[in-house]
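What TrEMBL says about this one:
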- 105-115: compositional bias 'Low complexity' (COMPBIAS)
- 124-145: compositional bias 'Basic and acidic residues' (COMPBIAS)
- 57-370: domain 'PUM-HD' (DOMAIN)
- 98-145: region 'Disordered' (REGION)
- 206-241: repeat 'Pumilio' (REPEAT)
- 242-277: repeat 'Pumilio' (REPEAT)
- 278-313: repeat 'Pumilio' (REPEAT)
Amino acid sequence: MFSMSMPGMAGAEQGLSHMQQVIYWVPKSSVSGNATWSPQILPGPFHTETPQMEMPTVGPTVGPTVSAVAAQDAQRSEVLLQTPVEASCTLVTPCSTEAPDDDLASAPRMSSSAARRLRRKRALERSRGVHEHGHVRQDGAVERSERSSCDLTIDELRVELRRNTARGMQRLRGQVWRLSRDAAGCRLVQEALELGGREAVDLAHELQGHVLEAVTCPHANYVVQKVVSHLSVAASSFVVRELQGNAVRVAKHRFACRIFCRLLEFSGTSATSQLVDELLETGENLCTHSFAHHVIQSILEHGEERHKHLIAKMLTSELWTHATHKNSSYLIEKALCYCSQQDQEVLVGKLGHPEALLDLALNQYGSFVA
């Protein structure tokens, strides 16, 4: 208990008579049963005049001794503690029963900018800890553990495939699409497709309905290439069917353009011819495109004569531009090798005279055409 007393000539009793209020600590019980202490101000039992501070005089003390004053204070405190708290009493500083957060405890000492940074940091941590569907994100160690267990499973499947092909193929059933999108799993599926047979055809058919997504995937596109290059035309025909209507998109994609080239190399069917017609009939000049020019080059090497003629006309329309471009200059070289005799003579007639050859020879890319 803390009490205020006014020292003076009249002693402790005179000092207590001038007290207006007594401040003491009253235990406050929380829900958990732990007691905290909050200061309470109770109206004093004496008159309400403003107490006057008296300076102590120099000389011998007149009145009760120090021990007597302490005894009187203790007696007075016991009386006040037994007095019921009135409804008019006010709480000076409310105390919380919960322990303050470490960051918030230091908040009063922070500047406004530091507090903003702290709030942003905590909001970012909360957002990183939750998936978009509300599930808690897995810890990095758990993800690495699951990854290593997945790798172990792939290694086991590879060993089983090499030891017993039929059993290994059976264990791959139902997992082709999932494994094809994985960096290590796509190699396992390719190895199984290279073995051929009816089992490989069944595995390849698990990609049906996913071809357009697979050809644009950085891993699954290799599996589709293996389907086209190692299986029969009839077994891989579903690939061409699912790409129809998306010829330009496939030719311009950095991964999907490879499947277009494999189809021209290994699947010279009417369906593939229709896909080439769709590509060339758009009227878009794809000769200078970074990825589509690979498809045009494959058409010149493996396509039909009518398709080669269309490409030759496309190149002739802007011959000098194509002959000096870093991508289409390759196509001029291929056209001079694979196009018909008539188309070759047209190209040579426009590029073969001495002045044009000199200008081509002085160009970084045209020099190869010259």
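Cβ atoms are placed via backbone N, Cα and C, with glycine included.
Remark: secondary structure over the repeat 'Pumilio' (278-313) totals 23 helix, 0 strand, 13 coil, with classes taken from DSSP. Taken through DSSP, the repeat 'Pumilio' (206-241) splits into 23 helix, 0 strand, 13 coil. As a summary of secondary structure, the repeat 'Pumilio' (242-277) carries 27 helix, 0 strand, 9 coil according to DSSP. In the predicted model, the domain 'PUM-HD' (57-370) shows an average pLDDT of 80.
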